[in-house]
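J.: Pasting a structure here, questions to come.
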Amino acid sequence: MLRACQLSGVTAAAQSCLCGKFVLRPLRPCRRYSTSGSSGLTTGKIAGAGLLFVGGGIGGTILYAKWDSHFRESVEKTIPYSDKLFEMVLGPAAYNVPLPKKSIQSGPLKISSVSEVMKESKQPASQLQKQKGDTPASATAPTEAAQIISAAGDTLSVPAPAVQPEESLKTDHPEIGEGKPTPALSEEASSSSIRERPPEEVAARLAQQEKQEQVKIESLAKSLEDALRQTASVTLQAIAAQNAAVQAVNAHSNILKAAMDNSEIAGEKKSAQWRTVEGALKERRKAVDEAADALLKAKEELEKMKSVIENAKKKEVAGAKPHITAAEGKLHNMIVDLDNVVKKVQAAQSEAKVVSQYHELVVQARDDFKRELDSITPEVLPGWKGMSVSDLADKLSTDDLNSLIAHAHRRIDQLNRELAEQKATEKQHITLALEKQKLEEKRAFDSAVAKALEHHRSEIQAEQDRKIEEVRDAMENEMRTQLRRQAAAHTDHLRDVLRVQEQELKSEFEQNLSEKLSEQELQFRRLSQEQVDNFTLDINTAYARLRGIEQAVQSHAVAEEEARKAHQLWLSVEALKYSMKTSSAETPTIPLGSAVEAIKANCSDNEFTQALTAAIPPESLTRGVYSEETLRARFYAVQKLARRVAMIDETRNSLYQYFLSYLQSLLLFPPQQLKPPPELCPEDINTFKLLSYASYCIEHGDLELAAKFVNQLKGESRRVAQDWLKEARMTLETKQIVEILTAYASAVGIGTTQVQPE
């Protein structure tokens with residue numbers, strides 16, 4: 001508030017000093033008591049004070065204009081030649097160029113096309129800033145609003161107005177200076193008209209563009225999804241084939257180890273075992289071949305998927321980045337899974353290769369040993385060769401055995417020497433092998449690290465792309481919000497201008513029209529007013545009579561209808577009462593369904609009656625209720641049984657307790673009837689007193705109070721009286737509903753009889 005007051009004061013001072021409206025008036029003619037010297041001194045003081053005030057106002061205006069650019073704009077628009085004063089003192093305004101003044105015309109508004117708006121909106125912010133800095137201010141000032149509004153063209157559904165002077169696009173004129181619009185430009189800008197597109201057209205174009213982009217995004221997402229589905233299917237098949245190959249290689253290795261370990265098995269079993277090994281080898285080769293084929297297919301599909309993703313990136317469809325990022329993540333996961341399975345297959349094949357080499361060495365050693373035996377014992381029968389030593393122990397002679405033992409000693413010595421040499425040689429081989437293994441492991445480790453780094457880099461790149469996309473979306477939303485606000489402000493300004501112009505034109509037209517029509521209207525009113533008054537009076541009189549007749553007839557018909565319904569309801573309720581009271585020894589209860597249906601049929605449009613009839617217990621409708629006489633007769637039997645089991649609580653005590661309770665009922669003689677007190681004490685709440693109170697109430701016709709006393713019973717006495725209490729409750733509920741219906745029917749009947757005389 002203080003700032004507004006200061007602003008208004010400074011503005012007024014600036015207007016007074018710059019426009020020349022502040023006039024120093026001479027003082028009133030004073031009396032001639034003062035000398036001429038004092039008069040000159042007073043005039044000088046006034047002039048000095050005026051100059052000081054004017055200078056202070058100008059200085060304050062300049063200082064405030066330097067601090068607030070909006071105030072400078074308003075002063076430059078309001079006070080002529082103030083812009084030159086500000087430019088001399090403060091310099092040119094930064095990013096603040098006054099729009100050329102032009103008269104508001106009633107012609108259509110001009111607006112830049114959607115294609116121009118979209119082209120300008122797609123420029124990056126850096127280019128826009130560069131264009132703003134390089135282009136002269138007089139050329140960028142008219143198009144600045146169009147650039148601001150065009151950037152929000154994707155989301156706005158309102159027209160994007162913009163002023164497009166013809167000469168504003170010609171930036172090659174050297175006469176146009178920064179911050180100074182030339183007079184020719186101002187005249188041409190003032191003569192150019194403003195055209196505004198209809199909001200429906202702009203909204204339709206934007207909706208069509210959004211629809212096309214959405215269709216492109218959907219088609220791209222569908223193609224990526226189909227390619228991912230196909231690649232995932234082939235990759236899963238390849239992974240399954242690799243797992244099957246691992247299982248086949250491991251099975252063959254296990255069977256081969258078992259065959260080599262069990263060397264003491266008989267011939268037929270051994271041959272069967274080796275046939276099993278051959279079958280496992282065939283299965284292994286088949287599984288490995290299938291795994292290799294599946295791996296090649298999977299690699300081809302992965303390469304195809306990579307090409308599909310690259311093509312999707314090259315299309316540069318707006319909004320498709322999340323789909324591409326998700327597809328890249330899934331592709332990366334498939335590649336990692338496939339690499340892991342391939343590593344498992346390679347490890348299994350390495351282990352199987354070691355087992356195969358071990359088997360070849362064992363077979364070679366056995367063959368060498370057989371050849372040595374053949375050379376040592378040539379006289380041994382051919383049929384004995386190949387048999388075990390235990391089988392040949394009884395068939396060989398002493399010389400043969402001695403020669404075999406001597407050969408065995410020589411062979412052992414030879415093998416010991418070879419073993420020592422082999423140990424020395426193998427130490428060197430092991431050292432070389434360890435170094436070679438270290439190099440191989442280092443290379444494998446380097447390759448694994450490189451591959452892991454590549455996977456990690458791809459994951460980091462995907463995460464970075466996702467974060468960049470999120471930040472870009474947030475910044476675009478913020479930019480669109482700001483641009484939408486500026487566009488809305490510009491649109492509101494144009495709307496206000498058009499509203500003012502419309503009001504001026506409308507007031508002028510209405511004034512002329514009112515002047516021309518006032519005379520004819522007054523004359524026509526004089527002639528028609530009398531006829532209208534007479535006709536209105538006659539119509540009102542006739543209408544009042546007609547309304548009175550209609551109201552009387554309607555009230556009489558309504559009263560008769562209500563009286564008829566009340567009478568029918570009363571008759572139906574009386575029939576229901578009769579059904580409740582009618583009973584015999586053969587039929588103690590009569591179903592009340594027919595009587596209740598009659599009440600519902602007679603009062604089908606009465607919600608109160610329908611609610612009461614719906615509250616009647618269903619068992620009363622189907623079976624009926626016992627009358628009070630029947631309940632009184634049943635009560636005495638229930639009372640007798642309840643007194644017999646008065647000592648039994650809810651836990652149903654032992655048979656001895658039952659006997660004591662029965663004995664108590666025989667020995668005690670409580671009064672059959674006791675008048676219930678106004679308030680029950682804790683001493684009154686026992687089975688005998690409660691039954692005496694209930695008997696008194698039943699004898700005096702108060703079934704409801706008797707049911708309340710019976711409801712206070714506990715233990716076995718309450719269980720004995722449960723059926724009687726249920727029937728009494730049903731009878732009381734039905735009786736209460738019938739009484740309410742009777743009272744309602746009587747009230748409605750009385751109301752209709754009071755309405756009839758009217």
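The backbone N, Cα and C atoms fix where each Cβ goes, glycine too.
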J.: For the set K102, K211, K370, K395, say which residue Swiss-Prot annotates with N6-acetyllysine.
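T.: Of K102, K211, K370, K395, Swiss-Prot lists K211 as: N6-acetyllysine.
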J.: Which one of S69, S82, S390, S579 shows up in Swiss-Prot with the note phosphoserine?
T.: S390
J.: Which is it, of 46-64, 236-254, 730-748, that Swiss-Prot names as transmembrane segment?
T.: 46-64
J.: Scan S103, S126, S168, S507 for the residue that Swiss-Prot records as phosphoserine.
T.: S103
J.: Between S113, S157, S219, S356, which does Swiss-Prot record as phosphoserine?
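T.: Of S113, S157, S219, S356, Swiss-Prot lists S113 as: phosphoserine.
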J.: Pick from S233, S388, S403, S620: which one does Swiss-Prot list as phosphoserine?
T.: S388
J.: Give the distance between the Cα atoms of K211 (N6-acetyllysine) and K222 (N6-acetyllysine), rounded to the nearest whole Å.
T.: 16
J.: Please report the distance from the Cα of S223 (phosphoserine) to the Cα of K451 (N6-acetyllysine), rounded to the nearest angstrom.
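T.: That separation, Cα to Cα, works out to 29 Å.
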J.: Along the topological domain 'Mitochondrial matrix' (34-45), what average pLDDT does this model show?
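T.: 51, rounded to a whole number.
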J.: Distance between K222 (N6-acetyllysine) and K451 (N6-acetyllysine) at the Cα atoms, whole Å?
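T.: Cα-Cα distance, K222 (N6-acetyllysine) to K451 (N6-acetyllysine): 31 Å.
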J.: To see if you understand the setup: which same-chain residues, six or more apart in sequence, place their Cβ under 8 Å from that of K451 (N6-acetyllysine)?
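T.: In sequence order, D339 meet the Cβ cut-off.
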J.: Is it possible to get the count of other C-beta atoms within 10 angstroms of the C-beta of S223 (phosphoserine)?
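T.: So the number of other Cβ atoms within 10 Å of S223 (phosphoserine) is 15.
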